[in-house]
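A.B. asks: The domain 'Myosin N-terminal SH3-like' feature in TrEMBL is assigned to 21-73. The domain 'Myosin motor' annotation in TrEMBL covers 82-774. Residues or ranges marked as ATP binding site in TrEMBL: Gly176, Glu177, Ser178, Gly179, Ala180, Gly181, Lys182, Thr183. Marked as region 'Disordered' by TrEMBL: 611-644, 1111-1136. According to TrEMBL, the compositional bias 'Basic and acidic residues' annotation covers 629-640. Residues annotated as region 'Actin-binding' in TrEMBL: 654-676. According to TrEMBL, the domain 'Dilute' annotation covers 1514-1790.
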Amino acid sequence: SSSESEFIYINKCECLFMFFCQCARVWIPDAEEVWKSAELTKDYKGGDASLQLMLEDGKSIEHKLDPKTKNLPYLRNPDILVGENDLTALSYLHEPAVLHNLKVRFMDSKLIYTYCGIVLVAINPYETLPIYGTDIISAYSGQNMGDMDPHIFAVAEEAYKQMARDERNQSIIVSGESGAGKTVSAKYAMRYFATVSGSASEANVEEKVLASNPIMEAIGNAKTTRNDNSSRFGKYIEIGFDARYRIIGANMRTYLLEKSRVVFQADEERNYHIFYQLCASAHLPEYKTLKLGGANDFLYTRQGRSPVIDGVDDSKELCNTRSAFTLLGINESYQMGLFQVLAAILHLGNVEIKERDSDSSIIPPNNHHLTAFCELVGVTYQDMSQWLCHRKLKTATETYVKTLSRLQATNARDALSKHIYAKLFNWIVEHVNKALITNVKQHSFIGVLDIYGFETFEINSFEQFCINYANEKLQQQFNMHVFKLEQEEYMREQIPWTLIDFYDNQPCINLIEAKMGILDLLDEECKMPKGSDDSWAQKLYNTHLKTCTLFEKPRMSNRAFIIQHFADKVEYQCDGFLEKNKDTVNEEQINVLKASKFDLLVELFRDEEKATSPTGQVQGTGGRTRLSVKPDKGRDSSSKEHKKTVGCQFRNSLQMLMETLNATTPHYVRCIKPNDFKQAFSFDPKRAVQQLRACGVLETIRISAAGFPSRWTYQEFFSRYRVLMKQKDVLPDKKLTCKNVLEKLVQDQDKYQFGKTKIFFRAGQVAYLEKLRADKLRAACIRIQKTIRCWLARKKYLRKRSAAITIQRFTRGYQARCLAKFMRRTQAATVIQKYQRMYVEKKRYRQKQAAALAMQTILRAYMARQKYQGLLRQKKAVIIQKRVRGWLARCWYKRCLRSIVYLQCCIRRMRARRELKKLKIEARSVEHFKKLNKGMENKIMQLQRKIDEQSKENRLVNDKLVGLESSYTVESERMRGELTRLRGVEEDNKNKANQVSSLLEELEKLRKELSSTQQEKKTIEDWAQTYKNEMEKMVSDLRDQNGLLKTEKDDLNRLIQEQSQQMTEKMTRAIAQETQQLETDLNEERSRYQNLLTEHLRLEEKYDDLKEEMALSSHVSKPGHRRTDSTHSSNESEYTYNSEYAELEEGSRAAEDVTRGIDTSLTLKLQKRLTELEQEKQSLRNELENKEEQFQRARARDDAEFKKARGAELEYESLKRQELESENKKLKHDLAEMRKSLLGDAATGAGAPGSPAYKVLLEQLNASCEELEVRKEEVLILRSQLVSQKEAMHHKETMTEPSVYADDVSKLKDADELKQAYVGLKDTNRLLEHQLQTQRRTYDNEVESLRGELQTVKEENNRQQQLLAQNLQLPPEARIEASLQHEITRLTNENLDLMEQLEKQDRTIRKLKKQLKVYSKRIGEMGAGQAEGQTSPGQMVDEPIHPVNIPRREKDFQGMLEYKKEDELKLVKNLILELKPRGVAVNLIPGLPAYILFMCLRHADYVNDDQKVRTLLTSTINSIKKILKKRGDDFEMVSFWLANTCRFLHCLKQYSGDEAFMKHNTSRQNEHCLSNFDLAEYRQVISDLAIQIYQQLIKCMENILWPMIVSGMLEHETIQGVSGVKPTGLRKRTSSIADEGTYTLDSIIRQLNAFHSTMCQHGTDPELIKQVVKQQFYIVGAVTLNNLLLRKDMCSWSKGMQIRYNVSQLEEWLRDKGLMNCGAKETLEPLIQAAQLLQVKKKTDEDAEAICSMCLALTTAQIVKVLNLYTPVNEFEERVSVAFIRTIQTRLRDRCESPQLLMDAKMIYPVTFPFNPSSLALETIQIPGSLNLGFLTRV
């Protein structure tokens, strides 16, 4: 009802008024800037007639509203949306918003490309920008259109991708004003296709397509007032692709060439470039025949008065044009013919036509310009001058010639010039197309339309009319396409929609092209005999003035009309319309030219079907389908060709163009010219708005704004506006959550719609939501600020309170300290006074005490000396008395003792006499005698002992007495001497007392002398003091001088040290720089070498592919046939060295079933080539036969010499064996005789047969016998081996070797190989002869040693016999001991000798076995059969030595593997081609295939078989290359063979015998070194192979990592909620939310873990793993940084935080793996610095200085690019000012660095393979049965 509608209207008005509140920003119209920004200073209320505004410069104005419409001004978008990549992302879609967004991007961010929905807006910067290199092309290749910043490459990639994905042809429509950059944009689009797709053949079609540009620019571009290189024609280039989407050719269609420019140019304009290029090169010898001069010499090139373009060298441009002609197959003669025609046009323009009368004209005779024209085009002077001034008129009955006035003749001359140039232009276009056509069937195409934009000038004529007509058609097609895309989006999302009202320019098109339209009336007027421009204008007025609103008549003119186009009203002047539409040329002039002798000119006017190609090519018939038709195809006759008007032709060609475009998917590029003065990065808003209106960008905006321009996915909406939701509103279902919240936020349901995956918003709603979000965030910020400010204030108060308390505390403390200080001072003063007084008193007391003590001391000393003298005298007297008294006492004692002893003796004598008498009496009685007789004996003994003791005591006593007597004598003598001395002393004292008086007199004299001496001393001391003072002064002066000298010395030393330190540092820096430079040069050289290896590998693969294609093309007749992967892989498992021949045979067998339908020319070429190959094959075969005969003769001669030498050697061996047998028999005979002699000795009685000695000797003899038997058996075995060897060699010579050599000869291809093989065979024969001579000498030495051993045995036997004879003569006990001793000695010597012999024999047998290892298996079988047939069980028990020794020696492995030559293919197949890395890596030791191959190689080296070594190495290398070519995209396979190739290389080094590689070997490993061949050259080949595998590994790794990097490092939000999602517009970016299948940082880390674990399982060297990881991280950093530099939406503060977090996770991974020192972290430094640059403050000069010092790994271009791209995600962030960026550029101006913007993500660091020896012993390696290598034998 009406009330409801009014309510809805009121609500809408209220919502609208809500936006026009105070501080709201709006756009108001402005005369100069078109639109100005202003801010409301007062809320707007309904009914207000004006708005109160304040401009950005602070000026307040009043903006009055239109009283009728009451339309409010446009609202301005939030700052956060300004600078978006897509204009449709703006919330308010209107003209000022679009203009401001483009201006900000162009002026501030230096971004020239911007999306506007499906349109790419390109603003001409008038400056060369570094954004079109191959690195940028690589960055955009494969990317989604919305994921990267806008670019022409993004549009080209989208077209290429849609062509491949949708199987639909594409078109890129480039339009714009002259000078807007259309041609350059089209050129870059074609360059992108040529670079990305490549060509399907070796003809370099993409180069030819690009080469057409300089040609078309030379003949179709000219300088205008608006553009120095303006295209004066429209062109549509179809670039054809095959089924694999590679360029196969191209085709070009042109539209409406501006022919009038050939004869007329306005001021400051030029003719077409080609004329000026010829004039600039006229002085060159090859152009002398053209008779040209400077550009100012010709009328057609001097009218614009601007013959030179600044910065353009026309002569150089001509060289580029000629190079392009040559590349497209137009040869030199045709080029000179073209230049001849162009020069003729210039001469024709200079032909002067003079007026004869008012109706006739004449050319003066001998006009040198006309003469030159006639000579150049090959016509007669008379005919040309006749028909330039006359014309032929035909009527129904007769024909007559009519003269032409001067003006008519001049116009006819100019018309002829234009016609010739148009024909020449069409001829060049036609032949360029022929050069770009191929025979390959076109699968699809991409068309690039470079056409003029809408034009309006002060004077608009027929050309502008046609141009604007074409733009009307293109705009209609554009509107329909935009409308279609909008409606499809709504239907796909299943939302209710209504038809969008958009501008339909069909009425304007009908006005032009419909029946009775402008073109029809123009054609009709052209047919009228007396038709004129005025009459045509009157017809237009009469027909359309009242019926069509789009047609108007100017007020002040009757010769003009106005058409209301979609872009603007245009007034056209009718003058010249009829003439330009007719485009008439004098037919007689054409006939004169057709009769020319100049073939090229005749060809220009010939029908196209009869034209020939300068390249000699004919147009292919196969399969090229095209929707387009040339607009000016040949007609049945030349007369009919001129009857069709230009307007009709243009309309038809335009209609065909529209049909082509409608059949393709269009992509639009709108080029904008920012100013009319060609100033770099200068933006004129007026001119930009005019072009935006004219090119349809604003129409796109209007259509988008009419519907739902803003579109958000539910996840993006939830992530962005989560802040507007409450916790209870958040549901698990994001879609339902968004619906509930949006219904609460926006009341009007018409403002949004919910689709299946997106939410659609009307214009302005996103700004409203952003306002709500900003208000909510602002309120939250205010609350946070309030809380923080409260916290800060409280902290400030607490700090102040704490400070006050602290001050008080310190003040009180200070006062207390002052009081304490005063008290301490007072106390200290008292103490000082006390101690001072005490000191004075103490000093006085001490002086008195010292004086008293001195007096006491002197007195006491005198008394003490006196007392001492008395004591001394007393002591001496006492001593004398003691000695005297002692002597007297001793004398008395001795006398008493003698007396006592004498008395005792007398008494004892008397008692003894009495007792003797008693005893004599008792002795006379018998009884007493008997009693005493009992103990007589004992008593006698006791008495005897007592007598002895007494005698001893007596002797001791006598000795003591003697000693006492001697001591007494000595003492008495001493006392006498002492008495004498004392008497002498007494006499001396008397004499001295007499001397005292004389001494006193002398003392007085001395005192007098002392006083005089003291006076002299005082004088001397005074003089000395004076001298001392002088000396001290002198010393002080000297010291000062010395100090100064020392200071100078120290300064000089310090200076010298500083200079030396500086020199040292300088030298160190110089050495470091030189070292760094050398390392850099080495790395560059290594990188260059490895790049050459890569290129070599690529050329090898290309050669193999060409070889296969050639082989197939010689048998298979289907033109487009290629061998598929399945046929290729079916032959992989049967790989041999002759696989190429097998494949050719299979190809020939397969070709028999295919019909032969090959092209005739190709068949002839192939037949000719086949004949040449057969002849060459026959000659090679003859030469091969000759070489084979020579080889056979040489071989026969060498075989004869070899057999002769071998026969002599075998005869010598047989003689030696016979001699050994005879010696053994003799030794056995000697032993038997020894046994008999022993038996005979036993019979004579020397020892019984059963005695121990006999048994011992018998056992010894038996042991000797057994030893002799063993020796005999060994001789027999050796002899049998030699016999079998002789037979085997004979068998090999007769059977095996001829076939091998025949096979080898059959493999040889040419004479050089035969020669090399023959020389190698001769070297081999010499080597064999040398080895035979060495063996012969060895055998001689062995025979001599055996003879010596026999002689030793004989001597030992003789010695044993002698010892036996001697032993038999000894007694039994001594015989046993002697025999044992001799036996031990003999056994010891024998043991030592046997051990030496055993070692020698072991070495000899091992050497023989190594030389005869080829036949060991057969010999072993024969030996085993003989042993089983001849040995009985009893013999085996009795002789255990023979079966034990041989197996023990066989188990002594030498770390080699033996194989037969015929098993080599099986070895390669099982070990390389069919080996699965997963099983080997998990179950077996790392590098096992490399060890097995090296052990096989060791055996080939050991047997000295150079052919076997060569074939094994060659087959190994080729097999690894083959498996990598087949499975080069399998990282596990490539890693496995990289590890094994490196291990094989290390083995070749470790066992090469070089001391540098043998340092870490064990003695056993040193024994395993190669002995015969130096494989240093093969080491280099294998190193190159390892480099190729490494590069293949990096490429494989890149293919896996590349899709993960951008998503995981940039797009995925590792820290959720940090970065908000911004509106994205129509070109949707990749979502940052981790959906299923989206790569995250965890995906990258998991993949890095997988790479690392795989390489570790395969046993890759740790240093090599570090290099791989470094390369991985470089790729991650480079790709991430490149995408960051090309994506404006990623350059924000929050994204910098995300990147730094991601980088920290990668560093943590490095730390966990122990790879921090591998250099990987340093490769991420540019990315880290870019992330820091996003986060640092960017305002002041200090910030600029910090940025310059921080971002050392980034180039200036990268730093400036990041700053330009920096985009705030929230309103609280600030943009980087232009002045700050200028400051950064100024500070970084002096940096010397590359101007390249992007990092080279394809760069591969040069790889090195440090030597890594293996500790694994080769003899311990076991071959598992799973490898199917049972044919290998361990040696």
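Cβ coordinates come from backbone N, Cα and C, glycine included.
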A.B. asks: Do any residues, 6 or more residues outside the region 'Actin-binding' (654-676), come within under 8 Å Cβ-to-Cβ of it, and if so which ones?
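C.D. replies: Counting only partners 6 or more residues beyond its ends, the region 'Actin-binding' (654-676) has Cβ contacts under 8 Å with 102, 106, 116, 118-126, 152, 155, 158-159, 162, 166, 168-182, 185, 189, 226, 236, 253, 255, 447, 449, 453, 469-470, 473-474, 477-478, 481, 627-629, 631, 682-684, 687-688, 691-692, 695-697.
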A.B. asks: Any idea what the model's mean pLDDT is for the domain 'Myosin N-terminal SH3-like' (21-73)?
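C.D. replies: Summarising the domain 'Myosin N-terminal SH3-like' (21-73) by its mean pLDDT gives 83.
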A.B. asks: With every protein chain in view, how many other Cβ atoms are within 10 Å of the Cβ of Thr183 (ATP binding site)?
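C.D. replies: Around Thr183 (ATP binding site), other Cβ atoms within 10 Å: 23.
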A.B. asks: Rank the binding-site residues Glu177, Ser178, Gly181, Lys182 by how many other Cβ atoms lie within 10 Å of each Cβ and give me the one with the fewest.
C.D. replies: Ser178
A.B. asks: Out of Gly176, Gly179, which of the binding-site residues is least crowded by other Cβ atoms within 10 Å?
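C.D. replies: Taking Gly176, Gly179 as the binding-site residues, the minimal 10 Å Cβ count falls on Gly179.
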A.B. asks: Within 8 Å of the Cβ centre of Gly176, Glu177, Ser178, Gly179, Ala180, Gly181, Lys182, Thr183, which other residues of the chain have their Cβ, at the recorded ATP site?
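C.D. replies: Apart from the listed residues, the neighbours are Asn124, Asn227, Ser230, Ser231, Gly453, Cys671, Lys673.
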A.B. asks: Per DSSP, what is the residue tally for the region 'Actin-binding' (654-676) in helix, strand and coil?
C.D. replies: 9 helix, 8 strand, 6 coil
A.B. asks: For Ala180 (ATP binding site), list the number of other Cβ atoms lying within 10 Å of its Cβ atom.
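C.D. replies: Around the Cβ of Ala180 (ATP binding site), 25 other Cβ atoms lie within 10 Å.
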A.B. asks: On the DSSP side of things, how many residues of the domain 'Myosin N-terminal SH3-like' (21-73) fall into helix, strand and coil, could you say?
C.D. replies: 0 helix, 24 strand, 29 coil
